[in-house]
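A quick write-up on the structure given underneath.
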Amino acid sequence: MKLNQFARLTPDIDQQLKELARIGLPADPQAPFADTAAAMYAAFFPEAYQPAAQQDKFAQVAVNSHQNLAEWLATKPTHMKRADFYNVALQLLGFEAFSDFDLSDPISFMTVTKLPSVAHDLLHTADLLQASYLLLTTRTKHLVSFLDDLANRGFFKDFQAQSSQPAHLLFNGKVQQVFDARQAVREVVWIESDVDSDHDGQRDLLEATIYRPKATDRGLKVPVLFTANPYFHGTNDVTAATHVPETVLAVKPHGASKAEVTAAPASKPKLPARPVTGETKQAAAYAEENSPYAFNDYFLARGFAVVYSAGVGTRYSDGFRTIGGPEETDGAVAVIEWLTGKRRAFTNRTDGVAIKAWWSSGKVAMTGKSYLATLAIAGATTGVEGLKTIVADAGISSWYDYYRENGLVVAPGGYQGEDADVLAVDTFSRQKSGGDMIRLKKAWEQHLAQMTRDQDRTTGAYTAWWDARNYRKNAANVKADVVLIHGLNDWNVKPKNAIRFWQAIADLPIQKKLILHQGQHVYVHNVRSLDFLDMMNLWLTHELLGVANQAEQVLPNVLVQDNVTPQTWSAYSDFANPAAEHVTTTANLKTDFESATDQFSDHATATFTAQHDTSASFEKAIITPNSAYVNSRLWLTQPVLEHDRVLEGIPHLELTLAVDAPTGILSVRLVDLGKAKRFEENAATVGASGLQLGFDFKTTDIVEFKPANKETPSKLITLGHINLQNPKNAYEVQTITPGQFFHVSLDLQPTHYHLPAGRQLALIIHGADMAQTIRPTKVTHYQLDLAKSTLTLPFRI
């Protein structure tokens, strides 16, 4: 186990003493050592209310091999050995003597586990106070810091009752859980947008669900975590809407110019505002939906309000889904504008009684994963005032890069046949309200049919419709600071979405952080080896409470999880910056690779059918040295590596090839060869319900990325796809003459991949990808001129 810690601050001793006093702990370095130790350890068991109960707790803790804590305190000690202090500390952190660590050598265990310690015996009261401060900021076996663990056991449960005016509490630069999340005020409002996405001539009203600390009723203004969550009110069955992968790849007769595929700015109709009949501070509707996002819940107990809005076309709101369209962005922005006092909301949909976000400080962060993070990115690219930061986990930065790739229809990994219209059906939760749907059904079906036409599964081309869903082109508008989190094995929302957005905001005068993990399409707030919650606490305390805690400097610019050594995270100044710490190598496919042939015929669809394969089994088979697809691919290998290398950036291919058809699909996979127990891409549960989000509040599982129990012969590093008629970009088209050689350029998905010595790089070139592209039945023959083809790889030095 490694409990990496990137968010711990080390203030000077005077500041430490002030903070200890602030939370009610001993803080006088002149006080007797024994009295300070007794008071400190008593405070470390907040669940024990009486001295007798405290003595029982002390007796359960070993100080060394011959003395428990009760016995040690009874001696009225004047000092404490370093080993004794950390024997006690480890038990307080949730570790077990005799099974997790040896009482004769706690420091060795702490070093391996990456836990901090003081370097000497505690000879004076000041030493004890300093060591105790460090302990409070140290992570427990249960992922959170020791002070968080104390709070979960009731340390702060009466904190607000002791003051006339509720307030946030800071310790080690982070806001603490001094608010009772169980008493959160739950309410619903309807925000009037400028959007008319269902074309009924009225401004769409957007429902927003609010959870705010009860302390706001006593005058406390709080910042807001806002999650634009299209799934908030449920989803629909999409079986009937899901596309069967097409069997014919259309020949494109012509392309388009850059101007033709550039979306014009969306025009907003001039619609009358609803009349206001009165104003109130009291909501008229209770929030019956529970908060679904543990990350937000964690901050609710720390004095942040949490707001969810599903947006246009969802249950209890107006409008239609537009899947990444400007209407969805505008809907999210409308919520922020209400939270910052610049837009109107109502207590219900009909009587015109207005309500303000009077409890909001006007400082907002957008949070969430996947579609939720996508809308955070979209919101940031508007430059809306009051949005201070986004924490976007696996978000889409261009919808074309989600459903298309280089002129091809390419499904998100694991969702073959999905497209924008399918997701529209999935998230159109207004369908769940029969009374709403009876008057909408025809208009919705017409809207959906138009979306199906606009998305254009025939050509897969980049069009103005997709351009309107490309947030990166508006990246220059971003004013909010940005945290991006993405899985290096996320083939659903592929890494390009994060890295291209990271590059797009690189030169902006904002703070930005990038976290890359070894998972698929998953959250990381509950990954044990990373102090993500503490990192984001430090970040949001700075961003939303205005605390000068050096979050920008303390948190790494880029943090990457290693794919070889478990529970290892490395900090870097940037990602794939060719000007720093990188070297690029270009390999010729003929002279620098070995290959048995330079041609293949793509029988993948027939083989897929004959083998009764699934998308998952195909993805495994296509990168396996000996599989049923051996004749439907080129298999090129480099020599075995003599030393470790770290691939980081965007691999690039320049290919010269010929096909016997006027069009074709080309798929490429870069593969790590060599038997090894590689990481599972889904994190394993290591503590069921082990992460507590507040005192007597919700819990969630603690997870960790672990090596598999069995060896595998290969592992996908990255991949890419291209329509051979789109060798330059996704909108210009070239005519292919069958049998005649032509040139294609292709970027693979960005990656960071540690290749150990003894492994081999393999490049697999094939045709249709049964898991992601359409599935043509026509057999196409491919011949490559390997001598005129290259692979460029960026490596971290």
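Heads up, the Cβ atoms here are built off N, Cα and C, so glycines get one too.
Listed in Swiss-Prot for this protein:
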ACT_SITE  SER370  active site, charge relay system
ACT_SITE  ASP490  active site, charge relay system
ACT_SITE  HIS521  active site, charge relay system
Next item on the list: For HIS521 (active site, charge relay system) and SER370 (active site, charge relay system), determine the Cα separation and express it in whole Å.
Entry: 8
Note to self: Give me the CA-CA distance between SER370 (active site, charge relay system) and ASP490 (active site, charge relay system), in Å, as a whole number.
What the structure shows: 11
Item checked: Cβ neighbours within the same chain of ASP490 (active site, charge relay system) - under 8 Å, at least six residues apart -> ALA394, GLY413, GLY519, GLN520, HIS521
Check: What three-state class does DSSP give SER370 (active site, charge relay system)?
Finding: coil
Note to self: Which secondary structure state does DSSP assign to HIS521 (active site, charge relay system), in the simple three-class scheme?
What the structure shows: coil
Next item on the list: Within 10 Å of the Cβ of SER370 (active site, charge relay system), how many other Cβ atoms can you find? Include all protein chains, please.
Entry: 23
